[in-house]
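According to Swiss-Prot, the protein carries these features:
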type: ACT_SITE; residues: ASP1020; note: active site, proton acceptor
type: BINDING; residues: LEU900, GLY901, GLU902, GLY903, HIS904, PHE905, GLY906, LYS907, VAL908, LYS927; note: ATP binding site
type: DOMAIN; residues: 33-430; note: domain 'FERM'
type: DOMAIN; residues: 449-529; note: domain 'SH2'
type: DOMAIN; residues: 589-866; note: domain 'Protein kinase 1'
type: DOMAIN; residues: 894-1166; note: domain 'Protein kinase 2'
type: MOD_RES; residues: TYR295; note: phosphotyrosine
type: MOD_RES; residues: SER525; note: phosphoserine
type: MOD_RES; residues: TYR604; note: phosphotyrosine
type: MOD_RES; residues: SER881; note: phosphoserine
type: MOD_RES; residues: TYR1051; note: phosphotyrosine
type: MOD_RES; residues: TYR1052; note: phosphotyrosine
type: REGION; residues: 294-368; note: region 'Disordered'
Amino acid sequence: MVGTMPLCGRRAILEDSKADGTEAQPLVPTGCLMVLLHWPGPEGGEPWVTFSQTSLTAEEVCIHIAHKVGITPPCLNLFALYNAQAKVWLPPNHILDTSQDMNLYFRMRFYFRNWHGMNPQEPAVYRCGFPGAETSSDRAEQGVQLLDSASFEYLFEQGKHEFMNDVVSLRDLSSEEEIHHFKNESLGMAFLHLCHLALSRGVPLEEMAREISFKNCIPHSFRQHIRQHNVLTRLRLHRVFRRFLRAFRPGHLSQQVVMVKYLATLERLAPRFGSERIPVCHLEVLAQPERDPCYIQNSGQTAGDPGPELPSGPPTHEVLVTGTGGIQWHPLQTQESERGNSRGNPHGSRSGKKPKAPKAGEHLTESPQEPPWTYFCDFQDISHVVLKERRVHIHLQDNKCLLLCLCSQAEALSFVALVDGYFRLTADSSHYLCHEVAPPRLVTSIQNGIHGPLMDPFVQAKLWPEDGLYLIQWSTSHLHRLILTVAHRNPAFSNGPRGLRLRKFPITQQPGAFVLDGWGRSFASLGDLRLALQGCSLRAGDDCFPLHHCCLPRPREISNLVIMRGSRAHTRPLNLSQLSFHRVHQDEITQLSHLGQGTRTNVYEGLLRVGGPDEGKVDNGCPPEPGGTSGQQLRVVLKVLDPSHHDIALAFYETASLMSQVSHMHLAFLHGVCVRGSENIIVTEFVEHGPLDVWLRRQRGQVPMTWKMVVAQQLASALSYLEDKNLVHGNVCGRNILLARLGLEEGTNPFIKLSDPGVGQGALSREERVERIPWTAPECLSGGTSSLGTATDMWGFGATLLEICFDGEAPLQGRGPSEKERFYTKKHQLPEPSSPELATLTRQCLTYEPAQRPSFRTILRDLTRLQPQNLVGTSAVNSDSPASDPTVFHKRYLKKIRDLGEGHFGKVSLYCYDPTNDGTGEMVAVKALKEGCGPQLRSGWQREIEILRTLYHEHIVKYKGCCEDQGEKSVQLVMEYVPLGSLRDYLPRHCVGLAQLLLFAQQICEGMAYLHAQHYIHRDLAARNVLLDNDRLVKIGDFGLAKAVPEGHEYYRVREDGDSPVFWYAPECLKECKFYYASDVWSFGVTLYELLTYCDSNQSPHMKFTELIGHTQGQMTVLRLTELLERGERLPRPDRCPCEIYHLMKNCWETEASFRPTFQNLVPILQTAQEKYQGQVPSVFSVC
C-alpha cells in the first residue's frame, strides 16, 4: 500500500532526509526489532525503541511506545506501525518476528482534518460530548478535544517531518502564482517552526534563527531551489527573513498556538496530508439486485472449490480514504497505471495547490489531468468487510458493495485495517469489521465485556438507571490498567447521572490471572471474576456497593471514544409517534383468493391498480380488474384486520407506519393502508414463492447449507438496517420471510424479503406471545413496549436461523404453551446445529441476557466466516467483460407504482426497478420531462442531470442514475425514493412543533451552503421541492432550474423565457434576470415563511402577493410584484411566528442582495433558535 504520509526518521538526521522517506538509519542490533519515533516523549531520549521479545503483535508494540511517549488510552487507536521496506501499514493483530532485523515507524495514521477547528469552512471534529451537553451550540461544551497533549506534540513533530520531506513539493507547481504562494507559505512555516523551538527552549527567536537556518525548516524541494540561485540572491533572502524575525514580537504566542497554526497551515498547503491513496488492480461497484456479491458460486458449490483467478497487472484505479471524506475512488490514467502509480515513492504524486480537502460527494482533482473522485461511502455506512487473499469486499447497509483487488495480500490487510480503524473511531468503538485485522485487545474486551477508556460522565450515565450496576473498563490514563467502577447515589443530587459518586477498584493483570485489588482471590478470566462478584458487595471505608448487574458494551454507544465530524442528522432514529403511510382507496384494490390467517388478520391475494389510463396492461399475467378499469395491475397481499379487533387498529397502523418509512431491498414494500367500511387493510407487495418455512419443508433434505447461509446473510442485512435506525421488527420468523427468487439454478442466488411484523408485540395477549415461542424473546413474555429492543430481533434471528438449518422445522413446535413457558423459565437451551461454528453463532443470539447478544453487524461479519469460499460467485464472469454501470437503468425493468408529484417542467413517479423480474427490485423515484417540451427545456433537463450527479450531501436528494430511451430520445432521472414526500404536502397533515420546523430550516441551509460551495444556484427553492426522509431529516430536490455560476462571477443572468416561480424570486431576479447566491437566500426566506404557515394554501406566497397586487397575468404580474417589493412590502408575519424568526425572514428579504446573510451564516442562527424552542410548549413562544 502506498500511504500519502511519508516515512518518519530521527529528528537528528532530518536535514539529510530524502524526499522519498529513505534516510540514514541508526545501527540496529542483530536479531532485534527497532521502531523509530518522531518524538521520544516529554522525558527525551533516543528517538527509537528496540524490542527483543520472541513474538509480539503490532498492537503490543504500539501500546508499549504510547506508554513511553505519554499517549493516553483514548488516543491510542489513532496510531499504527508502518513498514518502510514493504510500504504497508501493519494491522494491529500482525505478529512480528523479532528474530529478524526490522525497522518500523510509529506514526499517527488516522487523521481528521480541522480537528483544531481553525477552518470554519470544514466540518468541526471533536469527540462526543458528555451526556446532556448535546443541546449546547458551543462546540467546547458540545464535544471533547480530539487529542491529548502527547498526541498533539507527536503529531506536530510528524507534521514537521512530512512538510520538510515534501508532502507538498515545489517540483509539482507550474504557474508563477502557485510557486510564489508556496514560497511565502513555506517561509511562514519555517518561522512557526523556529518560534516553537525558541519557546520550548526559552531563548529569543533571533538567537534560535542564528543557531538553526530557516533552510532546515522548509521542504527539501525548496532548499534545492534556493541552492540554484546565486550568492547575492540567497543572501538577500536571508536578510529578508531576518528583518521579518526582528520586526516580530512573539510574546503573545504560546507553544500550543504555534503548533496549531503550523498544522492548520500544513492542512491548507498540502491537501494530501492525513489521507491515504491506495492503487488497486481491479475495482467494481456491485449493486446486489443485478449481481449478488454473496460467497457461493451456486447451490452445488462445496467449501473446497477453488475461487476464480485474481486479477493481476498494473493498477487500474485508485482509492482515497480520509477521516472526514470517507472512501472515494477514481480510475487511473493510462500512463499513470503503466507506471504502477509510482508505487516506489511513498508520497505518490504531490500538489502544492490549495483545493479543499475531499469531502463526501465532492469530485475533487489535484491536477487538471486527474479524473474526479467518485464518492462511495462514509465509514458508518459499512455493514461488514470481507477479505480473501488480495480481494476486499466492502458491504454497505443498503447492500451496495465495493469490490477491490489490491496488488498484494499485505496491501489488502493494510487497507482493511485502515477502513476498520476509521470505522471504530467514527461509528462503533466496540466493533471490528473484519476478523483478519481485529485488534487483539478489542477482541479480548468483547469476549469479557470490557468497556474502552470511558470518561466519568459516560460511566455515570450507564450506571444511573438503577442501583447495583457496575462496569469494567480500561483506564483513561494508564494503558495497562483495568478498573471496576461502581457508583454511590447521592440523595442531594437526584435529577441526573451527575448525582452519582463513582468509586473505582483497580484490577491487576498477572500472567494468566486477574486480581481485584483488596481481594486475595485470583481468577483465570474476567468472566470468572464477574461471576464471582454477582450478588456480592464491595466495601470501601463506610460505603458499601452492592453488585447486582454488570453493564456490558452495546453497539454504537455514544462516548468520548467516538469522533464526530460536523452534524449528522441522519443518525437520529425515526420518530414513529406520528403515523405516516400512503392511503390506498378501496376502489384501487381487488380482493382475490384467501391465503391463510395471521395473528388477528386474514390474508388474501389481491390486485392493486396503479398508473394512468395509458397503462392498461396487466403485470405477471394477472387478469384485468373487473369492470374493465384501465391501469396497470400489481399482484399484492391484503392483510385484513378482523373487524372484531378494532381496538388494536392503532397498533395495526403503527406497523404500517413503520414499514412505510423504511426502504431496503430485503424488506417487503408496503404500498399503503386501505379502509374499507369497518375493515382496516395493509396492502403489501406479493412475493412470488411465498413463506420460506413452507418452501423449506417442501424441499426437505434437498437444500444445501450454502444456500441457507446466503438467506441468513440477507435476513441479517435487513435487520442490521433496522438496527441502525433503532427500529424493532418484533416478529422475525420463517413465516415472515418471503422467497422472491429460488436461486437454485447455476450462477444464481436466493433472494428473500422480510415481511411486515403484522400486529405489534404491544397489542398481543400473553397467550399469543407464548404461542410465538421460540421466536419471542424471553424478556417480551411479560408484555409492554419497554421490553422491546433491537436485542429482541436478535433472539428472533437466532431462532429463525435454527428454523432455516432444520428445513423449516422450528424447535419446540410440538410442545404446549405451559411447556414452552417453563422452557424459558428454566433458561434451557434450544437445540443446536451440528456445525460448531453455527452452533456458536446461534448460542450468542439466543442468550437469555439481552445485553450479551451481539449486534447484527457482528452477525454479518461472522456469517461470512462460515463460508470458506468467500469470493466464489462474485467474479464468476468473463474477466475481460466490462463491469456493469450501476448508474445505468433500463426502461424495461422500471415498473410504475404511482405518481409522486409534478414540477414546472417534469413529473416524478415512484417505480420499482426490477431487472430480474422476480420481485427483487428496489423502490426509486423517477423524474421525466413532460411531453411537448422544446429543445431549450431538454437542454436544461440535461444540465439538471449533470448537476445532480456531481452532488452528494445528506440534505440533497441522492442521484442513482439515468434511464435513456434511444427511440424516444428521452432521458429519465432516477433518484432515491424519499417516502414522506414534500414539506408542502406533509406539513398541513401533521402536527409539527416549532423546533422541528427550525431543524428543517437549518438542514435546508446546510444543503444550500454545500450547493453554493459547488458554485451552483438552485433558483427554485420552495417547500414543494424539499423532501422529508423522516421526521428529523429533509433533503432538497428538483434542480430543474439550477445554474452553475461561472468562475469569477457573482451571478448568473438567465436569458431563456419560461415558467418561473416568481413569488419566490428576489427583486434582482424579477427586474434584471440576475441570479446571485443571495437570490437563493431570498427564496429561503419565502420557504421559511411557508414552513411557519404549515404550507397552508390560504396563506401561500402566491395567495398573499395576489391579494396585494390583484389578479394579473404574464409580465404584468412580474411588473407589479417588482414595484411592490421595491416599495418595501413583504409577506406578513405568520401566526405564532416568534419575533426573531420573522426578523430573520426579513433579513433574507433585504432589497440589496449583499445585505442578505449567507447560508453559512444562517446555520448557527437557526441551530441556536432550534435549541431555544426545543421542548417548549407553544404558549411560551415569544411572538410579536
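Every residue, even glycine, has its Cβ placed from backbone N, Cα and C.
For the domain 'FERM' (33-430), the most Cβ-contacting stretch among 449-529, 589-866, 894-1166 is 589-866 (pairs under 8 Å). On its own chain, LEU900 (ATP binding site) has VAL908, SER909, LEU910, ALA925, GLY981 as residues at least 6 apart in sequence with a Cβ closer than 8 Å to its own Cβ. Recorded residues GLY906 (ATP binding site) and the residue listed as 'active site, proton acceptor' have their alpha carbons 13 Å apart, per Cα-Cα distance. In this structure the C-alpha atoms belonging to TYR604 (phosphotyrosine) and SER525 (phosphoserine) are separated by 56 Å. Spacing of the residue listed as 'active site, proton acceptor' relative to TYR1052 (phosphotyrosine) is 14 Å (Cα to Cα, whole number).
Spacing of SER525 (phosphoserine) relative to GLU902 (ATP binding site) is 64 Å (Cα to Cα, whole number).
Within 10 Å of the C-beta atom of VAL908 (ATP binding site) sit 21 other C-beta atoms, taking all shown protein chains into account. For the recorded positions given as GLU902, ASP1020, the lowest number of other CB atoms within 10 Å of the residue's CB is seen at GLU902. GLU902 (ATP binding site) sits 28 Å from TYR1051 (phosphotyrosine), taking the CA atoms of both as reference points.
The Cβ of SER525 (phosphoserine) has 14 other Cβ atoms within 10 Å, all protein chains considered. According to its DSSP assignment, ASP1020 (active site, proton acceptor) is coil. Counting residues per DSSP class in helix, strand and coil order gives 15 helix, 33 strand, 33 coil for the domain 'SH2' (449-529).
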